[in-house]
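Feature annotations, reproduced from TrEMBL:
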- 13-346: domain 'Acyltransferase 3' (DOMAIN)
- 16-35: transmembrane segment (TRANSMEM)
- 42-64: transmembrane segment (TRANSMEM)
- 84-103: transmembrane segment (TRANSMEM)
- 115-132: transmembrane segment (TRANSMEM)
- 144-164: transmembrane segment (TRANSMEM)
- 169-188: transmembrane segment (TRANSMEM)
- 208-227: transmembrane segment (TRANSMEM)
- 239-255: transmembrane segment (TRANSMEM)
- 261-280: transmembrane segment (TRANSMEM)
- 330-351: transmembrane segment (TRANSMEM)
Amino acid sequence: MAGKIPPAHAMDALTSMRFFAALHVMWFHYEFYFFKTRTVPLSLGYSGVTFFFLLSGFILSHRYHGVDFSVASQRAAYLVARVARIYPAYLVAVLLPLALLLPKFLRGGTDSGEWTMALVPVLAPLGLQSWVPGAACALNCPTWSVSNELFFYLVFPLVLPLVLARPRFWLGFILAYALAICLAYRALWPDHMQGLSDRNDSITQFMLFFPLSRLPEFLLGIVAFAFWQRRRGAVPTRMLLLLAVGGAALLLAFREAIPEIALHNGLTAMVWVPLILAGAGIRSGLLVRPPLIFLGRISYSLYLLHDPAFMLQRVADKHLLGGMLLPMPWLAAAVTTLLALGMAVACFFLVEEPGRRAIVTRWSAPAAWRERMRNPVPAP
């Protein structure tokens, strides 16, 4: 039917894995916020975003590989579904910090330049902050990845049929593309190759968050699906899990010798790709239990709101508790983690799901109607 795309079967294990990736990112930030330290494996928490980009390419390919994007109503249905999926919670994640940081914005008292501050309240709601150096982390840093995702969503209908037709070629192209980016950054900004995770200048933000720099990770997710679709079950799940563990061991063993830009911008795919392929085939066990699936479903809100939760905790501690939590970082971190989880659950039920349904209901029907007007059914 015009304007409708048949649902694909759910991959519940991958949904559950999203929660652990979001938790890794959250604790990566919280360790530095509360303890001012970076310890392995939390110090690699930024790699959770690589997992999300890979998973996005993989799941979208699974969902839409049979869709004809040359049909206008199918393109419209896809775009409506994508906006409905990410925008309601994203808007909360943008507006809440904007309200908390408004006094600083008005004074220009943030880490970014004054001109950037003037642009952020416009760029962030539109999902454009990652395109402007210095703006990606000016408001709520984790939202930079949604800015990237919006770009990936636009690219996806164009590249999906090409990748599915020639996955080997695209694998080579992606590897060359990613290598070229790392080498270019190393040549242009050699002084920025280490300590990237704790820097917030415009050059660092450009290197880490610019959408074209992160596109290879999303494309690799599509390639992974193409190979999985062609050779499903060829590699046993246990072997894939062993490959993921082996990849993690190699990265940890040689971590000090690897440029941080490579680790940050996709090299950890050697761990995440086999893990995603393994998760795609898991149909029983802990990862498909309802509690973990639910945590996976709220993981998007958790990822977006863990920084605002930290802001709220700091404001409450300063103005209501008189700074009582400052000398007790473990307690402060535990309280903030629980607050972030509570905010994620509330956002999921009150904003994310109702907003998704409202957008789909509001915009899917007109798309189907326009398609029927272009292609009327002959009278009997």
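In case you wondered, yes, glycine gets a Cβ from its N, Cα and C as well.
The stretches the transmembrane segment (261-280) and the transmembrane segment (169-188) meet in space: the count of Cβ pairs below 8 angstroms, excluding pairs fewer than 6 apart in sequence, reaches at least three. Outside the transmembrane segment (42-64) by six or more residues, the chain places 5, 7-8, 11, 14, 17-18, 21-22, 24-29, 31, 78, 145, 148-149, 152-153, 156-157, 160, 163-164, 197, 214, 217-226, 228-229, 251, 255, 263-266, 268-269, 271-273, 275-276, 280, 303 with a CB less than 8 A from a CB of the stretch. Listed stretches 16-35, 84-103, 169-188 were compared with the transmembrane segment (330-351); the greatest number of C-beta pairs under 8 angstroms is found for 16-35. Under 8 Å from some Cβ of the transmembrane segment (84-103) lie the Cβ atoms of residues 110, 121, 124-125, 127, 139-140, 142-143, 146, 149-150, 300-301, 304-305, 307-308, 311-312, 315, 347-348, 351-352, 354-360, 363, all in the same chain and six or more residues away from its ends. Distant neighbours of the transmembrane segment (16-35): 41-49, 51-52, 55, 141-142, 197-198, 275-276, 279, 286-289, 292-293, 295-296, 298-300, 302-303, 306-307, 310, 329-330, 332-333, 336-337, 340; these residues of the same chain sit at least 6 beyond its ends, with a Cβ under 8 Å from one of its Cβ atoms. Restricting the average to the domain 'Acyltransferase 3' (13-346) gives a pLDDT of 91.
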